[in-house]
Amino acid sequence: MGYVRTGILMAVMTALFLGVGALIGGQSGAIIALIVAALMNLFTFWNSDKAVLSMHGAHEVDPRAAPDLHAMVRGLAERAGMPMPRLYLIETDQPNAFATGRNPENAAVAVTRGLLRALSPEEVAGVVAHELAHIKNRDTLLMTVTATFAGAISMLANFAFFFGGGSNQEGERPVGIVGTLALMILAPLAAGLVQMAISRSREYEADRIGAEICGRPLWLASALGKIEGLARRIDNTRAERNPATAHMFIINPLHAMSHDRLFATHPNTANRIAALQAMAGAGVERSSMPRVPRRGPWR
């Protein structure tokens with residue numbers, strides 16, 4: 001089902017991309033947009049994980065430098081019945097994390113330096129389990145495709161500001177000043193709405209499955225509360241420069257959108273915590289626990 005959802009998303013985003021191209025350049029613009037969209041679809045499927053990791057300056061963690069952290073992730077992956085993902089570190093003080101990759105065999109989990117410093121090992125395990133749930137559900141390709149297309153659509157809409165008011169080679173005037181302004185506002189908004197719909201619907205499921213993987217819903221609940229509070233106060237510069245990837249993080253990393261419920265990329269954190277607390281109250285815990293170091297060498 002993951003590939004089916006991704007295929008539908010690619011079709012929707014491609015149609016939106018073509019529409020923007022047609023409004024900017026008429027028939028020629030639509031043809032160019034179609035070619036660009038086809039290339040983007042290929043690139044996104046095979047290389048979008050590398051692109052997103054590069055956007056955030058993530059570097060792969062050497063198992064010898066953080067053996068306990070690697071052992072924790074490997075143990076959680078085994079409990080989830082999936083391959084060990086590649087592990088990346090993002091050098092920012094804001095605690096956060098995301099997962100990416102086209103399938104469980106080609107996946108990566110990225111955590112921030114701030115996450116490893118601010119959270120307890122149990123809370124880190126809860127966060128990693130949440131990201132593994134996204135990988136297991138094949139949400140990662142879906143979210144990465146959305147981020148890539150949303151960024152491209154926003155960029156294309158900005159081109160309309162410079163080229164949308166004139167005539168194209170066929171003498172057509174696809175959009176005037178009013179149309180250009182509408183395009184600049186509505187195209188990124190439409191892409192953003194797709195992002196929000198996908199992210200909100202998948203976060204609750206990843207919370208539920210992540211809690212089952214780590215065996216302790218309250219570990220993740222505690223982590224979410226702590227990340228939410230710190231993320232409001234600590235900047236994530238690379239995330240602010242790449243807002244199209246905000247929906248990939250476990251908590252929205254953007255300050256501008258953190259208080260906007262209408263355009264939130266994530267469900268309300270208090271509601272997520274309440275759902276996890278309800279799971280714990282219902283006894284949804286595992287008797288066997290993952291190996292969690294008392295004090296990781298990454299701090």
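Cβ coordinates come from backbone N, Cα and C, glycine included.
What you are looking at is a predicted structure, and each value in this text was computed from that prediction instead of being measured.
When GLU60, GLU203, GLU228, GLU240 are compared with the Zn(2+) site residues HIS130, HIS134 in Swiss-Prot, the one appearing in that site is GLU203.
Rounded to the nearest whole angstrom, the C-alpha distance between GLU203 (Zn(2+) binding site) and GLU131 (active site) is 10. Taking each Cβ in turn and tallying the other Cβ atoms within 10 Å, the top scorer among the recorded positions GLU131, GLU203 is GLU131. The 10 Å shell around the Cβ of HIS130 (Zn(2+) binding site) contains 27 further Cβ atoms across the protein chains shown. A sphere of 10 angstroms centred on the C-beta of HIS134 (Zn(2+) binding site) encloses 27 other C-beta atoms.
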